[in-house]
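The domain 'FAD-binding' annotation in TrEMBL covers 84-203. The transmembrane segment annotation in TrEMBL covers 275-293, 350-368, 388-409, 430-449, 501-529, 549-569, 581-607.
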Amino acid sequence: MWRLANERDPELVKADKDSLECSYRCLYGIASSSSGLTIGDLHVGYNKDCSLMTIVGKDDRTYYFVFEKMDKTYKLPHIPTYTEADKAEFAERHGNMKATESVQFRDIHKHSVSSTLVGVETASYKIWTWGRIACVGDASHKMTPNAGFGGNAAMESAAALANSIKKLADQIKEGRPTEDQIVACLQGYQKNREVRAKAAIDASNLLTRVQALATWGHILFAKYGLTILGDFLENLGSNMAVGATLLDYLPPPEASLKGALPFNPEQGDGHKESFFRRALVALPFLGLFAYAIRIANPTFVDTESGGMFDATRNGTGLPPASIGGQSNRFAMLSDVSIAASENTDLATGFRIATLLAYFGVILAIWSIEAVRRCNALMPVQLPSLFAFFAQSKGVGIVAPLYFFLHWVMTPIDSFKATDMRLTRLNYTRAILPSLLTVYYLPLLQSYFLPDNLESQTWLQIWRYFPIWHSLAQWAISKFWNDSIDEDKICAPKRDVFTIRYTIAVPALMSTVLWLCTVLNTPVSLYHLFIPQHLAQNFTDVQSFSADLVQWDLLLFIASTYLWLFYFAWDAKSAGMLEKSWFELILSMIFFIVMLGPGGAVGLAYLYREHVITEKRHRAALTVESVGRRAALMNGGK
């Protein structure tokens, strides 16, 4: 193809020739003995600038790959070739590489029946077709073999080419297609495949470098990231396989309609949403964040003496509280509670209590999201850190930032596999007991104990709840076994009931408080919760805290419901949510009025859980979607 293209335009394929490069070499081979390795197992040995991969197949045969980084990156026509002597020297030099603790590479290699040493060529070509010629497989997209994507990519390209040819054949009613039609057909094949092929090349190259510990970043990821992301290799393969090309003119095999991860041509590698684009779409969260900094924490506040004091020195403008003579500078919510406890105004008490009850619901949500599988290695895995900064800077400031990060980093395809929505059940079970012990109990004691000194002592204990909650959840989780490895395969919905009651209890508490507030507040709900001004000079701490709580609660609620709105937008775009915007908004308003903001957000979060657990993307290949597709095709005949 290159020769024919060069006859027409010598510069046309020059870039493709230059893109072919070789940075690693590999000794491929087949051994006649498993050498003690278990049939069906895959072993990978990580070493600096080299790696070993073994796959034990049937008939006691072992397929092995030994990779080594070359002294430099070679390009055509300088890619080296190797002799039998080179191969023997290579095998001897890497003989002590370990497949397992008891099996070295030399134990496998001595049973070799065939092997070859070659340079591992990689290329992402821009030209796959020329005239009536189309290339498929490695002739179009060369990749390293570490991930095992090359064979599947070749089959996908063959399927895409078949689809394109079948489409052309259906369009031609009489005679033969013209050359222009053939060229368009073949270019259409390349267009449909090149994005996913490029993604496969990139994923393969990444895995090759991770296994060869190419840089400090790869070393850290191999040592720590793979430990946390226990399913990294499985997810890497699933992300590539989930969007595989389907033969349009044949019914899908029955086996492809089963499992927790249905095929979906709109998801997986090559179809990932851009984090940058999602960040731009999520700018309203950052707007709330900036507004919270400007409004909820004024820099200076007038005192009765006419002086000024810094309102941001501990997040509230209140003098730093102390325990045991030590200055404590991180008590935002508790400082506000102290101000409220010194204020006999009933309206202020209801306002503070509503904020704290709402925070309890959100803290339960944050704690659940921290142990969800799809959120691994994301900032939302640190709810206590966000709660800590909510103490120091104000929850109205922290919440928009949390929900911004969560929405941007958790696109809807995070839930394409049922087990990716699964939480670590022993930790999920520990959330509610921990919250009741370290959040609600001290808070209730500080509110209802008649002795002021005891009340203040419980409040001082409560102010450290981000730390206590993290420790208590960890300790309580030890009462159950960690069943995540079993649940992700056999019971990916096992945690649903636990999530329901973990959210229902704080939401019910918030609803009860809301009803008490509605029935007993001495002022209108509008004046109770809505700030009446954007900024004001305050003459006492109580008036400052009242206005601060209004803004904190309003911004807190706004960011939470904005997060739910963005999820609904994602789910509707994916066909996972069929209700109209009118129904969703009207239902939300109704439940906010009836249950209060905390009860409504708890109910909405449980509905979100139902959607990600039970609903599938509109393009997912399931028994139901295939049935609908067949009905449409039969109806069109």
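Positions of Cβ are set from backbone N, Cα and C atoms, glycine also.
TrEMBL annotations: computationally assigned, not manually curated.
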Confidence summary (mean pLDDT) of the domain 'FAD-binding' (84-203):
93
For the transmembrane segment (350-368), sequence-distant contacts whose Cβ falls under 8 Å of one of its Cβ atoms, 6 or more beyond its ends:
333, 336-337, 340, 380, 383, 386-387, 390, 395, 399, 402, 423, 428, 431-432, 434-435, 439-440, 443, 447, 469, 473, 499, 502-503, 506-507, 509-510, 513-514, 516-517, 520-521, 528-529, 546, 549-550, 552-553, 556-557, 560, 596-598, 601-602, 605
Long-range neighbours of the transmembrane segment (501-529), counting only residues six or more past its ends (CB under 8 A):
346-347, 350-351, 353-354, 357-358, 360-361, 363-365, 368, 428, 431-432, 435-436, 440, 550, 553-554, 595-599, 601-603, 605-606
Which residue counts does DSSP yield for the domain 'FAD-binding' (84-203) in the helix, strand and coil classes, in that order?
66 helix, 21 strand, 33 coil
